[in-house]
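Copied from Swiss-Prot, the annotated features are:
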{"type": "TOPO_DOM", "residues": "1-8", "note": "topological domain 'Cytoplasmic'"}
{"type": "TRANSMEM", "residues": "9-29", "note": "transmembrane segment"}
{"type": "TOPO_DOM", "residues": "30-102", "note": "topological domain 'Periplasmic'"}
{"type": "DOMAIN", "residues": "95-292", "note": "domain 'ABC transmembrane type-1'"}
{"type": "TRANSMEM", "residues": "103-123", "note": "transmembrane segment"}
{"type": "TOPO_DOM", "residues": "124-134", "note": "topological domain 'Cytoplasmic'"}
{"type": "TRANSMEM", "residues": "135-155", "note": "transmembrane segment"}
{"type": "TOPO_DOM", "residues": "156-168", "note": "topological domain 'Periplasmic'"}
{"type": "TRANSMEM", "residues": "169-189", "note": "transmembrane segment"}
{"type": "TOPO_DOM", "residues": "190-228", "note": "topological domain 'Cytoplasmic'"}
{"type": "TRANSMEM", "residues": "229-249", "note": "transmembrane segment"}
{"type": "TOPO_DOM", "residues": "250-277", "note": "topological domain 'Periplasmic'"}
{"type": "TRANSMEM", "residues": "278-298", "note": "transmembrane segment"}
{"type": "TOPO_DOM", "residues": "299-306", "note": "topological domain 'Cytoplasmic'"}
Amino acid sequence: MLNYVIKRLLGLIPTLFIVSVLVFLFVHMLPGDPARLIAGPEADAQVIELVRQQLGLDQPLYHQFWHYISNAVQGDFGLSMVSRRPVADEIASRFMPTLWLTITSMVWAVIFGMAAGIIAAVWRNRWPDRLSMTIAVSGISFPAFALGMFLIQVFSVELGWLPTVGADSWQHYILPSLTLGAAVAAVMARFTRASFVDVLSEDYMRTARAKGVSETWVVLKHGLRNAMIPVVTMMGLQFGFLLGGSIVVEKVFNWPGLGRLLVDSVEMRDYPVIQAEILLFSLEFILINLVVDVLYAAINPAIRYK
């Protein structure tokens, strides 16, 4: 297992290098001139050229890439073109709000989604199954921005129960986490149901029932563990999507996180921040997949990696 983990970690190097090249080319293909955006609409050509020189944008593209990649290897992602602060500081100040929002969304989505999926599988083709799957389909179908606006209108504007923007208290997390986790809960419910339906028809489940084991214990002990392997895969992927895909929700709720920082950086063509954030999201996905693979062996000891 240790050798497998080390090999996977070493595989990060070429993967991140390829991502770095693609991201660098992508951001430089974006329309618009960051020097003009930063200088302002009233700036003349001389001022814009001066800003371009200060940002290093007057250098050849290959020179800019070499400067970027050589510094990135040392953990230096440069300065933000907009704030002139270190990119690492910009990301660090936004990381924790996004992480806590992701964890909050994931916790309630997994609990609700797995419970709904198990109930739907145990009472298959009956009203609990139909109700759970109807709610799940609704959760998948409803766009995040529309759900967020609806929740703000009802619980913040009309009822005045919850705040709309900010991340200062636990109350600020309720509406964004509900919005962000709704689709994940729906996917988890459908995936758990499909996995449990397969497990419930296995011979060891019938054997446990024949031995007089209670249905609750059969479902929780024998069914849950064996149905968890594909579900864990989905949990890992969904966590990665939540962590890197909260852009719409953060924009709707004016959340001070990485998603909003990325949107603002794209609008202002802040190349260093865009490159660093996408690299961070890529690293997160790779590490999450590695953790999922390790969890496989913990859930099912029959799985071994070489």
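Even glycines carry a Cβ here, placed using N, Cα and C.
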Spatial neighbours of the transmembrane segment (229-249) far in sequence, C-beta under 8 Å, 6+ residues away: 98-99, 101-102, 105-106, 109-110, 114, 144-145, 148, 176, 179-181, 184, 187-188, 191-192, 195, 255, 257-260, 262-263, 281, 284-285, 288-289, 291-292, 295-296, 299-300
Tertiary contacts of the topological domain 'Periplasmic' (156-168) (same chain, 6+ residues out, Cβ under 8 Å): 97, 100-101, 174-175, 253-257
Composition by DSSP (helix, strand, coil) of residues within the topological domain 'Periplasmic' (250-277): 20 helix, 0 strand, 8 coil
Residue counts (helix, strand, coil, in that order) that DSSP gives for the topological domain 'Periplasmic' (156-168): 3 helix, 0 strand, 10 coil
Average pLDDT across the topological domain 'Periplasmic' (156-168), rounded to a whole number: 79
